[in-house]
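Presented below is the structure to which this report refers.
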C-alpha cells in the first residue's frame with residue numbers, strides 16, 4: 001500500500017485540491033454576501049425612510065425599527081378583495097413568530113394604510129383586533145399619515161397605488177421583507193395561492209440570525 005501512495009501521491013493530492021475547489025465554488029454560488037443560502041434574499045436596495053403615526057398618534061420612523069427584521073404591507077381596511085386574506089396571512093406569520101419568540105424583539109409586521117381618510121385610528125384598531133388576540137408591543141404596528149406622502153412612500157418601495165373614482169384603491173398586493181439594517185431583501189406576491197406563512201417565517205428567521 002505504501003508503494004501505491006508513493007507512486008500516486010501527486011494524483012491523489014491533485015484530486016483533493018480539485019474537490020476542495022469545486023466545493024468552494026459551489027458554496028460561493030449558494031451563499032450570498034450576507035451569509036444566507038438563498039439568492040432570493042440578496043439585498044436589493046435600501047428601503048425608503050419614513051416618518052408616520054401609529055394608532056396612538058405617536059410618530060414612528062423607519063430608523064426606530066432598525067435592528068429588527070420587518071414585513072411591510074400597504075393596504076386599506078375598506079379593500080374589497082386582497083387586503084383581508086393577506087392580513088390573515090400576516091396574522092399566521094405573527095402567530096409563528098410569537099412561538100419562536102421573535103415577534104417584537106427581533107421581528108415586526110408593519111401595515112401602512114393607503115386610505116388614511118377613511119382609515120382613522122379607531123377603524124384600524126378595530127381592524128387589527130380581528131387578527132391580534134394578544135398584541136405584543138412592537139409586534140404588529142399599523143401606521144397612518146398624509147395620503148399623498150404614503151402613496152409616494154409606496155411608490156418608492158415599488159408598490160403601485162391608484163385611487164379610483166369610487167374612493168377605493170387599486171394597489172400592488174405585495175409583502176416587503178426588510179432586514180435589520182434597513183435593506184430591502186424580498187418581495188412576496190401575496191396574491192399567489194402557494195405563498196404560505198411558513199415560507200415567509202423561514203426567511204424572517206434567516207435574516208434575524210444575520211449580524
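Including glycine, each Cβ sits where the backbone N, Cα and C put it.
Because TrEMBL annotations are produced automatically, they should be read as predictions rather than curated entries.
As the structure is a computational prediction, the values presented were derived from the model and not from experiment.
What TrEMBL says about this protein:
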- 79, 83, 171: Cu cation binding site (BINDING)
- 79-83: disulfide bond (DISULFID)
- 41-206: domain 'Thioredoxin' (DOMAIN)
Largest tally of Cβ atoms lying within 10 Å of a Cβ, found at which of the binding-site residues 79, 83:
83
Taking the centre of the Cβ atoms of 79, 83, 171 as the Cu cation site, the remaining residues of that chain with Cβ inside 8 Å are 74, 75, 76, 81, 82, 86, 114, 169, 173
Under a three-state DSSP reduction, the secondary structure at residue 83 (Cu cation binding site) is helix
List every residue in the same chain as residue 171 (Cu cation binding site), at least 6 positions away in sequence, whose Cβ is under 8 Å from its Cβ.
74, 75, 114, 154, 159, 160, 161, 162
Predicted model, mean pLDDT over the domain 'Thioredoxin' (41-206)
95
